[in-house]
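Okay, handing you the structure first.
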Amino acid sequence: MRGLLVAFILIASLLHFWQPREPQPTHRSSHRRPSHGSRKLCPQHPPFQHRVAAPGNLKQPSRQELAHRLSGAVQVDTSVSDEWPHVKDDPERWARVFSPFRAYLERTFPTIHAPGSKVSRTLVNEHGLLFEWPGADPSLKPLLLMAHQDAVPVEPTTIDQWTHPPFSGYYDEQNGLIWGRGAADTKSTIISILSSVQSLLESDFTPNRTLVVSFGFDEEAAGTEGALALSTFLEHKYGPNSMAMIVDEGGSVTPADTKTGSPAVAGPAVREKGYLDVSIKVKTPGGHSSVPTPHTSIGMLSAVIVAMEKQPHKPVLRTDSPAWNQLLCAADAGNTSPKLTRAIHVILDAQDELDALSATPRNGGGCPQKAMHRVTALQTRLKNAKKRVLKLMDPIERVAFQTTQAVDLIKGGVKINALPEEATAVVNSRIEPGTPVQEIRERTARIVAPVARQMGLNLDAWGQERLSFRLDPTKAKGTIVLSDAFGSGLEPSPATPLNGEEAKPWRLLSGVIRATWDASDADASQSTSDGITVVPTLMVGNTDTSRYWRLTRHIFRFSAGTLKLEPEGTGAKTPFGGIHTVDEREQDDALAQGWRFYSALIRAASEVEL
């Protein structure tokens, strides 16, 4: 599961947070205890106000023009599969897919690609698209915008289930929808970014800060051909920690709910969970099935799987996690139950008092023993309140606070009358921030070890002697081998600064989002007096930005969307724009808002210090 699909799961989780659990009073803040009336659980930065007027001839393309640009992009099939070889090993296969798409962009954005254009384009690893628009002040770190050209393949057996053919790019102008694979993930972002750049070029705008645009081409596979090559190229040219900020696909916007009083929400992700696929392979001697052993390798593997699923990861509430910010903002909006809201405030109160005690000078005054008793009592209260908060959440909400595991692949046996010599399962883990990948490996080995001993199997855990063991050769019936599948280990991402002097990029992004959607022409019923609420969130999956960590700490995963609800009666069979499934589609209003957002961000980044 890759970038934007995971982003829509994130949106679902945000929506879930925003749903009242019990009958709610009309007033948004009525769940808060009186003593917390002044506490800002979800502080908002003001909408960005440009210091420099927009060029007088800056022209926004119409929704119809943007829609037709996206329609043409969808008609070029850029599907990639996991098993594709490296570009250098099969250049023709990759060229058949991405050369036509590159040619389409050249035709659609002639000003950007014109000879002598102020924007240069470099092909990285043949098909990675890198656009650079030098700024007037070369001392300023560049702004980097990202998306990916590739799309997930369409399952052939589902083609007849699509309302409109998956590569038709059908534009339903009446309902404002562009249909087809890649429409939302993420060709709409490519069209919005390039449309913004072309409009600014045609208005004779010159950025003060260099703009870099990077489009990978295998995000839906491994990212090793596109994102890795592009990030390596950028680091070689600009150096490490050379970008002011990065904006890639991610969380989007959700409309206000007039029934509950919930505000419109934008959810840019500021961290990503880590990732690990663990291969569990059971190897035993084969034989004829007419003379079976008590347990075949498949049966032994089944026992390991049962042991794994009996021990899911426990949720951990970390107040430095973006998931905590999501919860605080939900409470601020009045969309957590009274019990959950009270437990949240117990955590905040206890933490405030602990911080105050730690800041109190120890100059011989007072009673140290009494202070220590107070600290111990507060720490106990804090621990118990965190447990209560987690208990009061439902499983969907808790996902953001825990490492998840899922047995997604299993394989064993080649013939019905032959005992399987190998059986393999792959367990996918999404790792909560604060937990290193190695801890997941060690935990897996601890769970598997008792089963291995019970079954009379050796254990080879990542070739690490302290995690492995060998039984008496005369008694061992086989071996369990634990390893990383697909070379997949990825640590949780670094945290993007959200407070203090370091948080200038976050304040800029938040302010531009608020200015863009607060002033949007969405239905009046979807707006609130407080405007859109920007919530820093946790991405439960991974995007191409995982290859760009060395370029900046300021990485944001945000997809421009629309506050307009999708019309009813369109025939769509799937929710969330059909990402990675049947009936993928995008609203033309999302393209219009995307143009406004990226145009504003490019201009704003040239007006402020980052």
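Note that Cβ sites are derived from N, Cα and C of the backbone, with glycine treated the same way.
TrEMBL labels come from automatic prediction, so no person has curated them.
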Of D90, D185, D204, which does TrEMBL put in the Zn(2+) 2 site with H148, D248?
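Answer, per TrEMBL (Zn(2+) 2 site with H148, D248), from D90, D185, D204: D185.
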Among H554, H580, which is the one TrEMBL gives for the Zn(2+) 1 site where D185, E220 also bind?
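That Zn(2+) 1 site, as TrEMBL gives it, pairs D185, E220 with H580.
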State which of the following recorded positions has the fewest other Cβ atoms within 10 Å around its Cβ: D185, E219, E220.
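If we count Cβ atoms within 10 Å for the recorded positions D185, E219, E220, the smallest count is at E220.
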Pick the one among the binding-site residues H148, H580 whose Cβ has the fewest other Cβ atoms within 10 Å in this structure.
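Checked H148, H580; of these binding-site residues, fewest Cβ neighbours within 10 Å: H580.
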Using a 10 Å radius around its CB, how many other CB atoms surround D150 (active site)?
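A 10 Å sphere around the Cβ of D150 (active site) contains 28 other Cβ atoms.
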Spatially, which candidate from the recorded positions D150, E219, E220, H580 is nearest to D248 (Zn(2+) 2 binding site), comparing Cα atoms?
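The answer is E219.
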Can you check how the pLDDT averages out over the domain 'Peptidase M20 dimerisation' (272-452)?
94
Let's check the environment of D248 (Zn(2+) 2 binding site): how many other CB atoms sit within 10 Å of its CB?
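Taking every protein chain into account, the count is 30.
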Work through the recorded positions one by one (E219, E220, H580) and name whichever has its CA nearest to the CA of H148 (Zn(2+) 2 binding site).
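Going through E219, E220, H580 one by one, the closest to H148 (Zn(2+) 2 binding site) is E219.
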